[in-house]
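Visitor: Pasting a structure below so you can have a look.
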C-alpha cells in the first residue's frame, strides 16, 4: 500500500512539474526555460522565429504574443518584473513589480502599528 501511495505521489509531482513550464517551440526548435519566441516583422524581410531570453530590468518588452504564440520584437519580462510604459514616448520596459516593494512597505507598516498598539496596552 505504501508503495502505491509513493508511486501516485511521484506521478503527481511529475504532472505538476510539467504544467509549470511548457517548452516553447520556435522555428522548429524548442526554446529553453525563461525564453520566448520572437519573429521580427520589421525591415526588408521577415526573419525566421528565434528563441530569446525573457526581458531583464530596463529591457524593451511586449505583453501579448500573436495568435501563434510568437512575439513581434521583444519577449515579455522575466520573473519579478512587469512590462510598464516608461518615459516619452511611453516605450514598454521591464520594471520591478510595484507590488513587491509596496508589500514590503505594508508589512513594515503593519509591524509598526502592532508595536504601537502593544505599547498603548502596556502603558494604559
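A Cβ is built for glycine as well, from the same backbone N, Cα and C atoms used for every other residue.
Here Swiss-Prot flags 93-108 as compositional bias 'Basic and acidic residues'. The annotation compositional bias 'Acidic residues' is assigned in Swiss-Prot to 109-118. Under the heading disulfide bond, Swiss-Prot lists 26-37, 31-51, 36-75, 61-83, 77-94, citing experimental evidence as support. Per Swiss-Prot, the feature region 'Disordered' maps to 93-124. The signal peptide feature in Swiss-Prot is assigned to 1-17.
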Visitor: In Å, rounded, how far does the Cα of residue 77 (disulfide bond) sit from the Cα of residue 31 (disulfide bond)?
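Guide: Rounded to a whole number, the Cα-Cα distance is 16 Å.
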Visitor: Find, for the listed disulfide-bonded residues 36, 51, 75, 77, 83, the residue with the lowest Cβ contact count at a 10 Å cut-off, counting only other Cβ atoms.
Guide: 51
Visitor: Between residue 36 (disulfide bond) and residue 26 (disulfide bond), how many Å separate their Cα atoms?
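Guide: About 8 Å separate the Cα atoms of these two residues.
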Visitor: Which residues in the same chain, at least 6 apart in sequence, have a Cβ under 8 Å from the Cβ of residue 94 (disulfide bond)?
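Guide: Counting only residues 6 or more apart in sequence, the Cβ neighbours of residue 94 (disulfide bond) under 8 Å are 55, 56, 57, 58, 59, 60, 61, 77, 78, 81, 82, 83, 84.
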Visitor: Across all chains shown, how many C-beta atoms besides its own are within 10 angstroms of the C-beta of residue 61 (disulfide bond)?
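Guide: Its Cβ shell of radius 10 Å holds 24 other Cβ atoms.
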Visitor: Tell me, in order along the sequence, which disulfide-bonded residues from 26, 31, 37, 51 have their CA within 10 Å of residue 75 (disulfide bond).
Guide: 37, 51
Visitor: In terms of DSSP three-state secondary structure, what is the assignment for residue 51 (disulfide bond)?
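Guide: Looking at the DSSP assignment, residue 51 (disulfide bond) belongs to a strand.
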Visitor: Measuring CB to CB from residue 26 (disulfide bond), give everything in the same chain under 8 Å that is also at least six residues away in sequence.
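Guide: Once residues fewer than 6 apart are set aside, residue 26 (disulfide bond) is near 36, 37, 38, 49, 50, 51, 70.
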Visitor: Let me check the 10 A CB neighbour count of residue 31 (disulfide bond). How many other CB atoms are there?
Guide: 20
Visitor: Where does residue 26 (disulfide bond) sit by DSSP, helix, strand or coil?
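Guide: It is in a strand.
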Visitor: Across all chains shown, how many C-beta atoms besides its own are within 10 angstroms of the C-beta of residue 37 (disulfide bond)?
Guide: 22
